[in-house]
């Protein structure tokens, strides 16, 4: 079947194959390193979600956006258009524009200084941006703080998922890499809890919302200094002895790391065969599937509609008739659903595979988007001038929860897993950087345009995303091979055996064993 993919054996399975001899032990070091790396997702999630509550918080709007307060108090205001403010969306979206720009240079920097050091840079920028936002006295300070947070996102989103994929045992790579998305959603959940409390505090409640981000930024900044760099990154920088020590620390002192280290060194040798940079290399014919996925995965991720649902869930619930406080409470409910669904995905991804989760999630998303199109169209109409009946408003909450669950078991975690594992070592930083830059650029476009789009297209906004879900699910079915259980430096074989991509990717030729040097006859 065209949609199929070849899965290579790991640690057995009918003869020797890639990954034989690899340790699959889960050590304390690998767990702590993964938790620390994934914590970058926690701050990213916090910064994503905190704006959703802020943008309809009385104290925040009074301080910076009094014109929106006037709209909220206007009985004749179109419900679709209450929050349609370019200045407000600029505050929200500036983070993603800065993150996109940072991703374009973060890949090169990460390759030169290592994954861990790149995460330290991101943590430092998170701290400074959070302090500036908390102390803001005007919109300019808010935007500058968000820009610094965006630079932090560019570094951590580029380095953390790759770091997780490189140090995780191949057998559990999907589960460990999904921790980043799980932590991202914990950040979203914490942000909504903070907003729920801050919304009851007059005048300075918004400062609490923005200031809490300083705490996890400090913890990550201190903790990241104590985790080892990934052996793949160390080998790529010529530090073979340090890479061997890192592997032993990650896999356990008793583990035989020579087989895995040899594969990493072979991948690094492939990198040294070319003089051109990774970004110029990834456009070569043999990297065609990697280039396509670097573009397609983030584009489709954004077009699921989840980013805008995540960012603007409180505003969405406010639009259908809930009070400000109940709108934030609705967001907390969807956060819990999201965390549960991601936990289910983490347990299933290395058992049922990536493709199966994509198919299930795609079906759920499509049903929910069609349902939201029908409810909004039937009950709010095209002019948004009538209030939505309470039973239908409750139905919107239920559909958003189901939508969140479908996203949480599919595109949510898999958006981080797939790009972090599919690229060969020589283009890994460039591929991940390109993928994140595209994702953040599209997030910027959507956050800058969603409220205007909701005001203009009304319920057609959800039908637009439904059409894209059909297309992206078909794309995954035909063109993404299954990658579960395959060691990260052996995935080239998966592409080389795929029904379509095999015309571009050829199996990696093993490097010849170095021959013993001849000893000259006679005295030295």
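Note: Cβ is positioned from N, Cα and C throughout, glycine not excepted.
Annotated domain 'Major facilitator superfamily (MFS) profile' per TrEMBL: 33-484, in sequence order. Marked as transmembrane segment by TrEMBL: 87-107, 119-141, 179-198, 204-227, 291-316, 328-349, 356-377, 392-414, 462-480.
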Stretch-level contact, the transmembrane segment (462-480) and the transmembrane segment (356-377), CB cutoff 8 A, at least 3 pairs: yes
Interface-richest range of 119-141, 204-227, 328-349, 356-377, 392-414 toward the transmembrane segment (179-198), CB pairs under 8 Å: 328-349
Within the predicted model, mean pLDDT of the domain 'Major facilitator superfamily (MFS) profile' (33-484): 83
